[in-house]
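Undergrad: Could you have a look at this structure, given as structure tokens, before my questions?
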Amino acid sequence: MAWLIYCTIFMSAVVPIWTTCGDLWELSCLLCSPISPGLEADLESKLFGQHIASRIILKAVSGFMSNENPKKPLVLSLHGWTGTGKNFVSELIAENIFKKGMDSKYVHVFTSELHFPHSSQSDTYKQWIKGNVSECGRSMFVFDGMDKMHPGLIDSIKPYLDYYDKLDGVSYRKAIFIFLSNAGGESIVDIALDFWKAGRSREEIELRDLETVLSLSVFNNKKSGLWHTSLIDKNLVDFFVPFLPLEYHHVVQCAMNEMKVRGHEPDLNVADEVARFHIDFPKREGIFAFKGCKTIQSKLDYYT
């Protein structure tokens, strides 16, 4: 009861700050509690095989959203093979911050090949970021396909990610920037494979086993949009979040969940067929799903 009274008083005290961000949840539990039960529940029940990513995302996002005066924007760089959950996690974060989730006008998705195929257009999205953050400080920006972006292009938005109170009268400190990339995926897979060969559980893999290797791999990858970027050099990326390659039972979970989402009774036999089709790496051992859960929907269309 005391918590409810505190929360009510706290909410009434801060709501006026958010009048320009009408699509935000009513500050929901992200600001009434040290963690977000909604985000935690989503990560536990919908994201499979990603114990490291789940833990980082929950603590980083919940902590950032509960901080009324962050020193800089939250910058997350998500790495791993396709189909491991990077885009999906971005959706979960948006759904737990904005009432309309990814459809919110405060959530902006940038796809490198579609929106900015030419490096000369960097000024375009600098103005785009500025305009949207001016409308709502809690804006969220997702940069998909960082590994396909022109090297050095992302450095043009460095000032917006730094420790500045304001730039041209606009504060960016409450914004969230999420970079999605396949770069570094091979390094993550190599470590996961080493654990498997040593007979160790993937749950034993910790962030410290991956973080340095991952950041160096991304920084030194000449084909990556983060190649020799000052965002890494100046430590502006708060977390490099590794997404592990998925195994058979994770793909089964994906298939079962997709059937449930479609309103069908989950069929383990169908999920088994779909999962067996996906497990294809390494070629001899067949431990991981090279495409993760990316093609689950189309495969279910075939098997159901």
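Glycine residues also receive a Cβ, built from the backbone N, Cα and C atoms like all the rest.
Here TrEMBL flags Gly80, Trp81, Thr82, Gly83, Thr84, Gly85, Lys86, Asn87 as ATP binding site. Sequence annotations record features per position, and here TrEMBL assigns domain 'Torsin-1A C-terminal' to 246-303. As annotated by TrEMBL, signal peptide applies to 1-19.
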Undergrad: Which value does the mean pLDDT take for the domain 'Torsin-1A C-terminal' (246-303) in this predicted structure?
TA: 93
Undergrad: Applying the rule Cβ within 8 Å of the centroid of the Cβ atoms of Gly80, Trp81, Thr82, Gly83, Thr84, Gly85, Lys86, Asn87, what extra residues of the same chain belong around the ATP site?
TA: Phe88, Asn182, Phe243, Gly292, Lys294
Undergrad: Go through Gly83, Gly85, the listed binding-site residues, and name the one with the sparsest Cβ surroundings, counting other Cβ atoms within 10 Å.
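TA: Each of the binding-site residues Gly83, Gly85 was scored; lowest Cβ tally within 10 Å is Gly83.
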Undergrad: Counting across all protein chains present, how many other Cβ atoms fall within 10 Å of the Cβ of Trp81 (ATP binding site)?
TA: 24
Undergrad: Taking the Cβ of each of the binding-site residues and counting other Cβ atoms inside 10 Å, which one has the highest number: Thr82, Thr84, Asn87?
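TA: That would be Thr84, with the highest Cβ count within 10 Å.
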Undergrad: So what sits near Lys86 (ATP binding site) in its own chain, CB-to-CB under 8 Å and at least six residues off in sequence?
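TA: Set apart from Lys86 (ATP binding site) by at least 6 residues yet with Cβ under 8 Å, we have Leu78, His79, Gly80, Leu180, Ser181, Phe243.
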Undergrad: Inside 10 Å of the Cβ of Gly80 (ATP binding site), count up the other Cβ atoms and send me the figure.
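TA: I count 28 other Cβ atoms within 10 Å of it.
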